[in-house]
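Undergrad: According to Swiss-Prot, the feature domain 'tr-type G' maps to 11-193. The GTP binding site feature in Swiss-Prot is assigned to Asp23, His24, Gly25, Lys26, Ser27, Thr28, Asn140, Lys141, Ile142, Asp143.
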Amino acid sequence: MDNEQRLKRRENIRNFSIIAHIDHGKSTLADRILENTKSVETRDMQDQLLDSMDLERERGITIKLNAVRLKYEAKDGNTYTFHLIDTPGHVDFTYEVSRSLAACEGAILVVDAAQGIEAQTLANVYLALDNELELLPVINKIDLPAAEPERVKQEIEDMIGLDQDDVVLASAKSNIGIEEILEKIVEVVPAPDGDPEAPLKALIFDSEYDPYRGVISSIRIVDGVVKAGDKIRMMATGKEFEVTEVGINTPKQLPVDELTVGDVGYIIASIKNVDDSRVGDTITLASRPASEPLQGYKKMNPMVYCGLFPIDNKNYNDLREALEKLQLNDASLEFEPESSQALGFGYRTGFLGMLHMEIIQERIEREFGIELIATAPSVIYQCILRDGSEVTVDNPAQMPDRDKIDKIFEPYVRATMMVPNDYVGAVMELCQRKRGQFINMDYLDDIRVNIVYELPLAEVVFDFFDQLKSNTKGYASFDYEFIENKESNLVKMDILLNGDKVDALSFIVHRDFAYERGKALVEKLKTLIPRQQFEVPVQAAIGQKIVARTNIKSMGKNVLAKCYGGDISRKRKLLEKQKAGKAKMKAVGNVEIPQDAFLAVLKMDDE
């Protein structure tokens, strides 16, 4: 293909994403677009086609972004090449969304005709506007009995500033309005810029590991051309590789001769090491490199840390390999080795949020067959010590002694909640209970209010979202962003079993709630830890001070069962012997702690 043909082809390329709040019908719309452009044989069609992970189908959510090429015969007689990049909608996966958007020129904004605009919709719209994308608003599910398309149209105009006349009414499930959406994509989404003669610049927006072919990187070509046999250079590391295959996803991988300006496809270059193909890096040609890399993504820092330990210590190295492979296409995952007296060797792992953590844990157990114990998640605290030095703590067990600490800072987030009017009181009460600071409140219309609070991240990551949903009968939507670290009066609470500290059960809590939390946790542990042959005291302590205590009663064993009638001194002798045995057992006794006990730390509320 010569450059003239490449430029002509570029004019007919449209790169777009679909963005939406969870459950507004994004994956269904993607299915219909695939079906209507005849990209998938009818026999291969299944729901949520682009959600390739079993886990995604089971939970009905999109976790990983996916890119696919479609051909569309438009009414103007031209054939267009569409690259659809499917994105997740959950707040934990905002990073995946920002990666998808960096590879696009436009985005379809899907809004549920019954629910209207929700917090996550707005968050994704701002991301799209930051990337200077053209937006195509679609109101989905218009055939629902509760649908109010006219109200939602007005909302889109008032809150996002898009013209009502540009809104497409659709129902992905019933295949209504899909043809109109496809025509609008041609009209609204601009063709990509870029020069096929310039030095190659390709953005890696995703990558996965194949045991036979090495690393497969998903790329968007911004300038230049790449084909098999080219020697490429990674601009972040300077490492060079020879390209063995370039291709496109249709959704199956299909090798092609070359990828040129505006194309979205994949590249394989015998890259064996996960670290050599980092998401956000720029690929260029070794023989004619670009002068500067493309602007990558802002690195997402983990918000929540927890310890992952294999139940069988033999699996320690397998766990490392599993984490490395997952990290390849999940650049926000971080991990480092950690050891715990209670659990042996494992990894301290950083996640974007609780859903992200659950999913990584489930993927390790499913895809790699490693059984795990996870400790209670914790956020990152900054401690300024009395000697002026600073310490970062992501594991409560490593918190310095309170008398050495001058100040402790914890991360705060700005939380935006959209709530029906009737539940404003309940939501504000929940935020106050979670140490929130009221910022402002906006009445969006007669039905809904937008409430903004500043909250400590530690209170948000555990079960805030679940409680928000239950306090509003499931109607609230929620989004948060990190703002800053603020000074707080925090203490470390240790849990002692049989007089020994269990490092994996330590947690950090605000001093005002320490007593209630400690009391609630020891009572909870009493029910979760199985009874032993001896009595086990469970204590919660701050430093040297015990703030709560309870005992797990011993299992009774009747040593007198064989003693029929007979002498009282005989019975006494047996009882004394049992007592001595129990004392000895207690001195060396090891208490088995089930997985539920580690998670009990989370499930407490301050009530």
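Note: Cβ is positioned from N, Cα and C throughout, glycine not excepted.
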Undergrad: Would you mind pulling the DSSP three-state label for Ser27 (GTP binding site)?
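TA: Its secondary structure by DSSP: helix.
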Undergrad: Look up Asn140 (GTP binding site) in the DSSP assignment and reduce it to helix, strand or coil.
TA: strand
Undergrad: Determine the Cβ neighbour count for Gly25 (GTP binding site): the number of other Cβ atoms within 10 Å of its Cβ.
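TA: A count of 23.
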Undergrad: Other than its own, how many Cβ atoms are within 10 Å of the Cβ belonging to Asp23 (GTP binding site)?
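TA: Result for Asp23 (GTP binding site): 14 other Cβ atoms within 10 Å.
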Undergrad: Tell me which of the binding-site residues Ser27, Asn140, Ile142 sits in the most Cβ-dense spot, judged by other Cβ atoms within 10 Å.
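TA: Counting every other Cβ within 10 Å of each candidate, the maximum falls on Asn140.
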